[in-house]
């Protein structure tokens, strides 16, 4: 087993991690940092109610909590006091699950050689979630108690209660599926952003560009999804060849445009009426 901050080389000798995360590593960390923020925003919106004016301030507070937690996490990581971190390169999926490769020389005694071969990509996410949780518990209850006037007493803290559920879920997800997420997160972003955009537009009965312009909130949601699309495309392409990869960003508005152009043809009432006429 190697001490924290080291991993074995090809000769099975522990070497200190002296590299720095590459672009894909940072994109992965960005994705893991975005997960609690997006969930915060979703549950704040879900429980804020239509008459509540506190949603915007809660959104801003959640953004501040996650941003401060990210900065603190980088500062406490090695080298301490710097926003830079040193790391070991991820070579293969098994690097994330060293606990599954403990040898048994005599088939009786297991030699425990578990260590963080992908230092610090595995543990830094747990540290970040811990700081997010602490900051939320310090800041959000006071804010909600003062400004959530449009909500009943029982509804005020539901977004905080939701966070107390999803943070343990995210922690288990990282503990069990960290390596899988590392390789799959760009595709997860694209699929989830496409599905959620279609569901939101359908639920909001958006069928034309005019419907989008009626409420600013719809434009904010649309641009947020576009940013997620762009993040997913950048994560897949890694922008290794700018002249080839940058034009792919022109595809970002394509799903929304396709939905708006075809929504009128898939209106349920229209399909039912045409089916009735056919009979």
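Backbone N, Cα and C atoms are what each Cβ position is placed from, and that goes for glycine too.
In TrEMBL, annotation is done automatically, which means it is predicted and not curated.
Positions annotated as transmembrane segment by TrEMBL: 26-44, 56-76, 119-139, 160-181, 187-206, 218-234, 246-263.
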Worksheet item: Under an 8 Å Cβ to Cβ limit, what residues of the same chain, 6 or more beyond the ends of the transmembrane segment (56-76), are close to it?
Response: 33, 36-37, 40-41, 44-45, 48, 82-85, 124, 127-128, 131-132, 135-136, 139-140, 143-144, 147-148, 159
Worksheet item: Does the transmembrane segment (160-181) come near the transmembrane segment (26-44), with 3+ Cβ pairs under 8 Å (pairs 6 or more apart)?
Response: yes
